[in-house]
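K.L.:
Right, I'll just put the structure down here and ask away after.
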Amino acid sequence: MLAPFFSVAMTAPGRQLTFRRVAVIHVFLVAILTLVTARQPSDEFVSTIAQLLLVLGLVEGAAVIGWRLVQLPKSQALEFLLTSPIQPRRLFLAESLVGITRFALVCLSGFPVLMVLPLAGVVEWPDLFVLLAMPFAWGVVAGLCLTAWIYEPAAVRRIGELLGLFGVLVYLVVGVVAGENLRLWLQQLPDDLGRFLFNAVMFLHTMNPFGVVRYWFAADRRPWLAWERFLDLHLFAVVLFAVVGPRAAFRLRGHFHDRHYKPISSDREAQLELIGDRPLSWWAVRRVMEYSGRVNLWLACGFALVYAAFLVAGDDWPAWMGKLVFMLFESWGGPAMVATALVVLSAVPAVYQFGLWDATVTARCQRLELLLLTDLTARDYAHASFSAAWRRGRGYLVGAAFLWVAMAVSGRAAWWDCLAAAAGAFALWALSFATGYRGFATGNQTNGIASLFTLGLPLALIGLWRVGEHDLASLLPTAATFVPLKTGVTPAWAVGFALTVGLSAWLLRTGLKRCDVDLRKWYDANQGRKSVE
């Protein structure tokens, strides 16, 4: 039963091209991290690089495994398989195994590059196993958890969001505000309860993927304890896999019915005032906000707000409140790094625009068949794309603004440098949007370029900055919002900022000018074509 699924996955032109792009980007990013680590072989920096590799694995696992499984129920062609002898759970199992295998190949593509580290004496050979196994294992878990979350009914997701909000509040209070002074806070409680809560918090702090990999590469680690934590954590990963996998398989048919056959109540409120004169923009916003990711936004903005308060308070920060988390981020790049990360997160929906409209060639043809018969212009498509991307990403810019204002008020940066960082943020966002919009118009899946924007350029900036190539790093688009807060405005930053603005204007102008022509050209080339996705 599995052979046809693997055959289609490796022969379908679209999926094969996507797989190759992901593998190339993975090798490129791993090569950057390996090169930087080889030039600065300290335990602290190796730990940071290991955590970045873990983040890369989580993102790639969600993209390679989760994205495919999430798109399955959107296609009405799935109905034929659901009514065939192939049961939905077997279908989900087959597609999951295909995704896991492809993800494993992506991870293994970086193995020859990572071998440079033990050969150069930066890490030991057992460390190489950890650098490969942890991103793969938790990337698989991330992909399946994402799928299970999307497949759940709306009511379950709403309850999950409330629990997520509670978790964010607990983290901000316990992990950030209390921090290393948590034991003092808990002394106000009964001894047994305080001891239990403290042990629970410390367990969660150490027994998570980032805590385990951080301890593994710590200078004072105990090898037997590091292995014990590694094995216990991945035993928990197996349990998660055994829970969320069957749950998602069980919900596949139900989620398909929810998307295509759920009756629409006739007594719902009218949306005419919200729709206005731009129905396409209204539809685009509704589409991207179906899974809004509010928990991530609450976490990012909540931490940015607390960090901003810490910057403004300075030496007046109360002694009974924690500082350790902030000191950790200061060692990683400080508010400049955090603000830049928030700006990059805000630009993610701007550059990933192909999935906004349709995920497959067939679905895109069906939608364009109707849209191209209307009087919609390139500006209408651009307004819809902008509205959706801005609505989804603007919250992260608010979090970055907290830090810009805090740095100006605290004197950590001059006000003109903070204004330059804000201008650079909007320039980076504009370039991301122009790139995504151009990809939408031409019909090219820009996932590779989007991954370069959201992962490649930030990692390249970190690598070049670490090795002292500040002028070269300042030419990158991501540096437009990072450099003013780090070193102040420099001539190299001005050149990079001008290049970013100029490229954004050219791409957007070209996209608006050729949008209708490119859409019709793509439609003529793909309508009626047999597509294996």
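Placement of Cβ uses the backbone N, Cα and C atoms for every residue, glycine included.
TrEMBL annotations: computationally assigned, not manually curated.
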K.L.:
Have a look at 224-242, 395-413 and point to the one annotated transmembrane segment in TrEMBL.
P.N.:
395-413
K.L.:
What stretch in 162-179, 295-314, 334-357, 419-437, 449-468 has the biggest tally of Cβ pairs under 8 Å against the transmembrane segment (395-413)?
P.N.:
295-314
K.L.:
Restricting to CB pairs under 8 Å, which listed stretch, 48-70, 129-150, 295-314, 334-357, 488-508, is in contact most with the transmembrane segment (162-179)?
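P.N.:
Out of the listed stretches, 295-314 contacts the transmembrane segment (162-179) most.
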K.L.:
Are there residues at least 6 beyond the ends of the transmembrane segment (334-357) whose Cβ is under 8 Å from a Cβ of it, and what are they?
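P.N.:
Residues 284, 287-288, 296, 300, 303-304, 307-308, 311, 364, 367, 385, 388-390, 392-397, 399-400, 403-404, 406-407, 412, 421, 425, 428-429, 432-433, 435-437, 439-440, 444-447, 449-450, 453-454, 458, 461, 478, 481-482, 485-486.
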